[in-house]
Amino acid sequence: MSTAGKVIKCKAAVLWEEKKPFSIEEVEVAPPKAHEVRIKMVATGICRSDDHVVSGTLVTPLPVIAGHEAAGIVESIGEGVTTVRPGDKVIPLFTPQCGKCRVCKHPEGNFCLKNDLSMPRGTMQDGTSRFTCRGKPIHHFLGTSTFSQYTVVDEISVAKIDAASPLEKVCLIGCGFSTGYGSAVKVAKVTQGSTCAVFGLGGVGLSVIMGCKAAGAARIIGVDINKDKFAKAKEVGATECVNPQDYKKPIQEVLTEMSNGGVDFSFEVIGRLDTMVTALSCCQEAYGVSVIVGVPPDSQNLSMNPMLLLSGRTWKGAIFGGFKSKDSVPKLVADFMAKKFALDPLITHVLPFEKINEGFDLLRSGESIRTILTF
């Protein structure tokens with residue numbers, strides 16, 4: 001029996017208030033309106049940004065159905081939808097691509113003006129919600145809301161992918177992998193034979209390493225205070241790893257000496273102000289490039305010496321690895337299918353969706369790289 005055009009009752013993880021566990025609830029998911037798509041979720045990853053919603057460091061309207069790194073199958077479409085059809089495998093896009101705004105029209109820009117990250121409304125593009133629970137409307141998150149058996153997204157926030165792709169793996173292309181990989185290949189534009197330093201060896205940091213390796217870097221130095229992360233970093237391409245706690249002098253001095261005067265490219269994948277300045281400082285003063293990859297949106301201002309830039313360094317950042325989402329996600333999935341990179345090293349745990357709170361405990365304890373929830 002077709003569910004198209006009907007309200008679907010299903011399970012979702014609702015966050016009713018900050019700093020509380022997710023509550024598995026029965027929710028009602030309205031059918032898609034014009035230019036909207038309803039998706040049956042198959043797999044979703046647990047990303048640090050979702051935990052920032054729980055902790056309150058990423059402020060978004062509550063109650064909310066969070067989740068933004070996922071893959072699923074189109075259940076039904078609203079009128080006027082042309083880029084996907086029912087049965088298509090898809091990845092929701094937390095950074096939309098409307099194709100019409102000045103950012104989408106700019107060759108380098110990818111932070112579409114229709115995003116819900118700059119000033120979160122927690123709604124669809126038309127300002128309303130498709131979720132109801134206990135008679136109350138529930139907010140959307142970044143236009144995706146993947147912690148639900150069904151979700152509704154705008155057409156500008158979904159990409160059709162290869163019908164043969166394993167959704168429980170390629171869901172990582174919806175955020176973590178692409179954010180790291182793109183920071184190396186697209187934002188920094190890492191060059192053949194270069195030396196790179198990557199601060200923070202979580203899932204996104206490992207993806208940065210994969211990007212540096214794919215771009216042909218000769219040396220990739222992983223930096224983390226948890227030496228348990230070094231083996232995995234080397235498995236995906238790090239040539240050496242250093243622990244700042246093993247040295248009496250500041251780690252930027254250690255890295256500058258190791259690289260004969262500074263690395264070509266550095267990446268801060270932690271979201272700490274002190275390590276951002278450290279990463280900038282350790283890159284070569286005349287032509288080094290440092291990229292800020294991870295940062296909680298409530299971060300404080302930092303102080304730095306502008307002479308670090310005056311000598312010739314470049315300091316930059318990007319959302320979603322600088323990729324234009326709707327254009328790039330299908331290509332990244334095709335590259336994965338062509339074995340140009342692996343996603344298995346990033347996945348440490350797979351849990352049923354109902355165990356979402358366990359998955360977040362694994363993230364907070366540092367035990368997991370990526371936990372995938374399956375529906």
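Quick reminder: no glycine exception, Cβ is built from N, Cα and C everywhere.
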Out of Cys171, Cys175, Cys196, Cys212, which one does Swiss-Prot list together with Cys47, Ser49, His68 for Zn(2+) 1? Cys175
Check Swiss-Prot: it lists Ser49, Gly200, Leu201, Gly202, Gly203, Val204, Gly205, Asp224, Lys229, Val293, Gly294, Val295, Phe320 as binding NAD(+). Then name which of Arg85, Arg364, Arg370 it lists for that same site. Arg370
When distances run from the Cα of His68 (Zn(2+) 1 binding site) to each of the recorded positions Ser2, Cys101, Cys112, Lys229, Phe320, the nearest one: Phe320
Given the binding-site residues Gly203, Gly294, which one is most crowded in terms of C-beta atoms within 10 angstroms? Gly203
Return one of helix, strand or coil for Ser49 (Zn(2+) 1 binding site), based on DSSP. helix
Could you state the CA-to-CA distance between Gly205 (NAD(+) binding site) and Cys112 (Zn(2+) 2 binding site) to the nearest Å? 24
Out of Cys47, Cys101, Leu201, which of the binding-site residues has the smallest number of neighbouring Cβ atoms within 10 Å? Cys101
